[in-house]
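Marked as domain 'YjeF N-terminal' by TrEMBL: 10-214. The (6S)-NADPHX binding site annotation in TrEMBL covers ASN62, ASN63, GLY64, GLY65, ASP66, ASP157, ALA256, GLY306, HIS350, ASP418. Taken from TrEMBL, the feature K(+) binding site covers ASN63, ASP124, SER160. For 221-472, the entry in TrEMBL reads domain 'YjeF C-terminal'. Here TrEMBL flags GLY417 as AMP binding site.
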Amino acid sequence: MRYAYTVAQTRALENATMATVGEATLMQRAAHGLAGRAADLLARTRGTVYGSRVMIVVGPGNNGGDALYAGQRLARRGCSVTAVRALGRPHPDGLAALLAAGGRLVDGGGLSVDDLAGVDLVVDGLLGIGGRPGLPADVLALTAAATVRGLPVLAVDLPSGVVSDTGQAPSGSVHATRTVTFGCYKPGHLIEPAASRCGRIELVDIGLDLGGTVPALAAWDPDDVATHWPFPGPTSDKYARGVVGLDTGSDAYPGAGVLSTHGAVYGGAGMVRFLGAQRSAEIIARDLPNVVFGDGRVQCWLVGSGWGERADGDRAVADRVASGLPLVIDADGLRHLPDRLPGTVLLTPHAGELARLLQCERGDVTADPVAAVRSAADRTGATVLLKGATQLVATAGTETVEVAVPGPAWTGQAGSGDVLGGLCAAVLAAGVGARTAAVLAASVQAMTAARFVGPLPPQELARHCATVIGELGRGPGGRRGEHR
Ligand SMILES: NC(=O)C1=CN([C@@H]2O[C@H](COP(=O)(O)OP(=O)(O)OC[C@H]3O[C@@H](n4cnc5c(N)ncnc54)[C@H](O)[C@@H]3O)[C@@H](O)[C@H]2O)[C@@H](O)CC1
Ligand SMILES: [K+]
């Protein structure tokens, strides 16, 4: 699990540490870690650190300070280090240290992409957590040219231009091949589109004491998924694995009923009971003979996928809420929410559906998805899974937002959300809480898609989810997994 902290939290953590060790020490720790990672990268790409040419693009703040002190260390190891003054006045002590070690300073204004000839590494020390979006065009042209030439671009703390707290990455932001961050991860490292601008992320310990601070985000990795997945035990029967009841699909959208059923079946439900649209039922009966269609015992409901307009939608949702059973409300079901829901109910909107729920624009959700998902959970009382490139889960009254394991962009296709609803219901039916169930289901779907290099229709991906779940159960994390 990786935990991320907002800019305000990071500054408070840094201040607390600085109060005991001093500001200079913290920056030296950051510079030491940064120089070490830069040297590793040079050793790997060039075979040697000595004699490498390093260009450090610096801004006016401490981010540039880190980069300049790292430059000093690289110069001492025999690198030829050029600092490019790109924004404002560079950190004076950091600059003096670099110059004393034999580095040089040039003005960014007169620089062209030709100046990249012979450079082995570009270090982006323009802006860190104090940055605002919007970088000068000539600076961006330089870092973009480095990317085009295939040069490694090492971002200090964050790729400059991205928004640390929200994960926004305006087109004018640096594209790094590697990011070295200090003390703790920031949301921008974990949320798209900024996350993809970071390349591989390395965390340098600078002695921050994270113990007393509740993180803004908790990002899961495949081992966490294996640890928490409800694998069946030796004596589990179909009720231990759980019965999923589905009221999904419509005559207009029968496929959604079929796909949500695939999600529940291949997500490992002990039994799937389909009580949705007739046209969906006909296809399911042909393709999935294990699914049952009559009334009977249910341990988790999934409603809403593919409903379209549904005149009795309010009552259909209210009845399922009244059952007190774990419940997933997806897609068109989200149009029929009562004012207040218990946290055991899981809502699975995409950005457009979340915007409608919050009565704002879709762009407001994508501009700050963490705030939006948190706000939806607080307003409804439910647990909310925001689907998309980064899948976030929030529960009312809980500060930390969970981030599912990310997957490839191919997952974004019609029908993926229906399958995901079914996967969520399968995990909930096994007795896992809504928050954890949502992260597990979203993660497994993403991990499954990550196995394929191209597009695969959602029903096929659903089948492959079963393989991924099975393999998780065989791995070291899986042996620690909970039995149902
Ligand atoms: N305070 C410390 O001792 C530590 C700081 N650290 C480093 O310090 C960074 C934060 O330093 P700062 O708070 O100085 O912030 P930054 O270095 O991120 O930059 C802030 C400065 O840039 C200017 N600026 C912001 N956006 C701009 C834009 N779009 N165009 C032009 N100018 C812009 C601001 O006016 C301000 O002068 C971290 O990201 C990290 O790299 C780390 O070394 C850890 C320790
Ligand atoms: K940076």
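Each Cβ is built from the backbone N, Cα and C atoms, and glycine gets one as well.
Distribution of TrEMBL features across the structure.
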residue : record                   : DSSP class
ASN62   : (6S)-NADPHX binding site : helix
ASP124  : K(+) binding site        : strand
SER160  : K(+) binding site        : coil
ALA256  : (6S)-NADPHX binding site : helix
HIS350  : (6S)-NADPHX binding site : coil
GLY417  : AMP binding site         : helix
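Of all the binding-site residues given, namely ASP124, SER160, GLY417, those whose Cα is no farther than the 10 Å limit from the Cα of GLY64 ((6S)-NADPHX binding site) are ASP124.
Within the set of binding-site residues ASN62, ASP66, ALA256, HIS350, GLY417, the entry lying nearest in space to ASP124 (K(+) binding site) is ASP66 (CA atoms). In this structure, the binding-site residues that sit close to ligand 1, with a C-beta under 6 angstroms from any of its atoms, are ASP66, chosen from ASP66, SER160, ALA256, HIS350, GLY417. Summarising the (6S)-NADPHX site geometry, the residues cited as binding it (ASN62, ASN63, GLY64, GLY65, ASP66, ASP157, ALA256, GLY306, HIS350, ASP418) extend over a maximum Cα to Cα distance of 54 Å.
Among the binding-site residues ASN62, ASP66, ASP124, SER160, ALA256, HIS350, the ones whose Cβ sits under 6 Å from an atom of ligand 2 are, in sequence order, ASP124, SER160.
Other Cβ atoms within 10 Å of the Cβ of SER160 (K(+) binding site) number 28 in total over all chains. Under a cutoff of 8 A between CB atoms, and with a sequence separation of 6+ in the same chain, the neighbours of ASN62 ((6S)-NADPHX binding site) are MET27, HIS91, GLY128, GLY130. Cα of ASN63 (K(+) binding site) to Cα of ALA256 ((6S)-NADPHX binding site): a distance of 49 Å. Residues belonging to the domain 'YjeF C-terminal' (221-472) score a mean pLDDT of 95 in the model. Taking the C-alpha positions, the distance from SER160 (K(+) binding site) to ASP66 ((6S)-NADPHX binding site) comes to 14 Å.
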